[in-house]
Every structure is written in C-alpha cells, then in structure tokens.
C-alpha cells in the first residue's frame with residue numbers, strides 16, 4: 001500500500017502556496033526538447049531555477065557537455081539531485097545549490113531554464129531582465145514572462161502539450 005503522508009507527497013506543499021514550482025518534474029522527452037530548443041552547447045553554463053531532482057542539469061552536462069547549476073530549496077529534492085550527480089560522475093560539470101532561487105547570483109549563466117509557476121516568474125522577472133540585458137538566454141517551460149515577448153516558441157512533448165518560450169535581449173523593450 002502506498003504511503004500518503006505529506007512528507008512524501010509534494011502536492012500539499014504546493015497547494016499551501018509556499019512553492020514556486022509545480023509539484024511535478026518535466027518528463028525526459030521535454031527536458032531533451034527544451035535543451036535542444038535553448039541551443040545548449042559545451043560552451044554554456046545552464047542554470048535551472050527550482051531544479052527539482054536536477055534532470056535539466058544532468059542532461060545538459062551528459063548530452064551537451066555544458067556546465068550547469070541547479071538551485072532548489074526542498075531538501076529531499078536536493079539530496080536526490082546530489083545522488084544523481086555523484087552516480088553519473090558529473091561533480092566537475094554540475095553544481096548543486098540548496099537555497100532560495102530568488103537570492104542566487106545568476107551572473108555566470110549563459111542559459112537559464114525554469115519550470116515555475118506564474119507567481120514565481122513575476123517575482124523573478126526583474127532579475128531575469130537584468131540577465132537578458134547582458135546577453136543571457138531565458139527559456140520558460142509552460143508559463144512565460146508577462147511583460148516580455150518571447151523571441152521563439154515551441155510546443156513539445158506528448159501531444160505537443162508543453163509550451164516552451166525563449167527570451168533574449170531582443171525581448172526587452174527599446
């Protein structure tokens with residue numbers, strides 16, 4: 001029988017309104033499609049904000065040779081992420097940060113990816129605008145940045161039901 005305790009189920013945490021991300025991970029097909037959509041290369045430093053188990057970071061390192069940094073506040077997810085990085089031998093390419101994504105320095109990111117709720121994106125938007133102005137690429141999974149126009153969009157995943165939105169310096173108002 002499955003254990004329905006709150007500590008094993010992310011849904012109550014999300015419903016209480018104290019999470020910035022949906023209570024689920026993107027499927028690996030969406031992870032691969034998003035990284036390709038973003039144009040990740042071995043020269044990039046990919047940041048995943050609210051990275052969950054770190055699958056975008058480990059895939060960016062394994063499949064594209066990029067360096068990456070995942071930021072996650074939930075301890076259980078950070079532990080899973082660290083275990084995956086160690087199991088795959090990616091310690092030199094993937095950095096795990098246990099912390100609040102709103103307080104992190106993103107200045108070395110070349111690409112920022114995120115699967116965050118609209119409320120979280122609104123909180124992050126001023127910070128993301130600063131990163132876009134210096135040339136960083138931002139890719140949102142499902143929900144986008146309200147005050148900016150994406151330069152590119154795609155529908156991926158099963159039944160093309162996952163929207164990807166790319167923002168660059170060209171998304172900024174003149």
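Cβ coordinates come from backbone N, Cα and C, glycine included.
What TrEMBL says about a protein is an automatic prediction, not a curated fact.
Residues or ranges marked as domain 'Methyltransferase' in TrEMBL: 46-134.
Mapped onto DSSP classes, the domain 'Methyltransferase' (46-134) shows 42 helix, 19 strand, 28 coil. Mean pLDDT for the domain 'Methyltransferase' (46-134) in this predicted model: 96.
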